[in-house]
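Chemist: So TrEMBL says this about it:
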COMPBIAS  7-16  compositional bias 'Low complexity'
DOMAIN    75-102  domain 'C2H2-type'
REGION    1-39  region 'Disordered'
REGION    52-74  region 'Disordered'
């Protein structure tokens, strides 16, 4: 058979199979413990890391996405009494809205608004006009 014996043929057939090419010797060199499956101790390490992340997050305060219960009515307009969760929203209210007439009016009903997007949403929701 062209210089090949039976032992060489069996080695050739194993080469087309998926899996490790270094025989049955299993080596974990280069892999972190959590990549190796269910090993003792890795769950504890993972849970400790998760708890540390949670503790750090909780110690940082509400941040931008705090719940409404802590942020509601934090910034109140002294002229009209409207309240806003964000200072930037109050500033926009003072510039565009407070003490002024709405600039955008519905042509079908009496709805009026300060923002064009709100008028577009109104047309779609109330009058089925897109």
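Cβ coordinates are placed from backbone N, Cα and C, and glycine is handled just like the others.
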Chemist: Over the domain 'C2H2-type' (75-102), what is the model's average pLDDT?
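Modeler: So the average pLDDT across the domain 'C2H2-type' (75-102) works out to 94.
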Chemist: Summarise the domain 'C2H2-type' (75-102) as counts of helix, strand and coil residues per DSSP.
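Modeler: Its residues divide into 10 helix, 4 strand, 14 coil.
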